[in-house]
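To start, the structure under review is shown below, and the notes come after it.
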Amino acid sequence: MDFGLATTLYPDEYNYQTDAYSPTSSPVDLVQVIQQLHASLDPRTVFACYGKVLGQHLPIQGVRLQSEQHKLSWGKRYGISLKRQIICGGTPLTLQYQLLTPLTPSQSICLQEIEPLLLQPLLNAMQYQEMSMQAMFDALTGLGNRHYYSQSLKNAVARAQRKQGSVSLIVLDLDNFKKLNDKYGHKCGDYILKEFGDIIRSSIRSTDQAFRIGGDEFVVIVQGNIHAAGLLCERIVSATNTHASFHQFGVSCSLGAAEASETMEAEQLYEQADKTLYQAKASGRNCYKLSPTQLS
């Protein structure tokens, strides 16, 4: 599910084909290892490179890394287990190796030489990933932000123009949100925004994308036609109406949806969905409207 929030930016497991370990492998070129590990800012690629180096020089056929925020895996998950703790940027990490055979004293020394080389490139990659996430996602709701939305909508509309599937856009707005903020304060308002983000997140499908683009305005890019967008609107309105806090504070939502045509640009699709949203508000709010020109 891509809300632009993600969840994780990278998959937990990343397998990388390695050269088979040979007891006659040449000595480790530590300078070359450093260069290889610094070649990427993708944590999974850095970790896969680390695993490949280990597999070439030591009887290691798999390694996993785990911290509070990261899980990375390379190679096989069976063998003789060896667990080690390292500190990366002040964060404790657990490395669990899967060995073909127990390490000899010289092999243990080799591992101790290679292991510290992982820390700085992995820390760089993790920090870059975190900055990328912050640049793409709304801090309050965890949904995509305006910048991520703009790029995603252009890409989605381009696919529709190439006849690679239907794309619709839903524009959502909270009813009575300003009154809530004025009466109960911004802390309460932030709580409602976060809860609404959770409602959207739990309502959309894995192929849809949700964003908060400002204030109490949200959008959803739907991979489907106007009827698919309508079903999603129904789920969101129903979930909002049955949410205790929304009922308590007198907040509801209005939605408008439109489907992209082969000749429509991204901004035109937004304008059509936004126009339909205001038709929903004019109809009494707490409802949704679909672009009438696209219903058949």
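Note: Cβ is positioned from N, Cα and C throughout, glycine not excepted.
Going by Swiss-Prot, these are the annotated features:
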- Asp216: active site (ACT_SITE)
- Asp173, Leu174, Asp216: Mg(2+) binding site (BINDING)
- 165-293: domain 'GGDEF' (DOMAIN)
- Lys178: site 'Transition state stabilizer' (SITE)
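Where Swiss-Prot records a feature, it is marked here on the structure.
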residue	record	Cβ contacts under 8 Å, 6 or more apart
Asp173	Mg(2+) binding site	Asp216, Glu217, Phe218, Cys253, Ser254, Leu255, Leu277, Lys281
Leu174	Mg(2+) binding site	Ile192, Leu193, Phe196, Asp216, Val251, Ser252, Cys253
Lys178	site 'Transition state stabilizer'	none
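Around the Cβ of the residue listed as 'active site', a 10 Å sphere holds 20 further Cβ atoms from the protein chains shown. Other than the site residues Asp173, Leu174, Asp216, same-chain residues with C-beta atoms no more than 8 angstroms from the centre of those residues' C-beta atoms, the Mg(2+) site, are Leu172, Asp175, Phe177, Phe196, Gly215, Glu217, Phe218, Cys253, Ser254.
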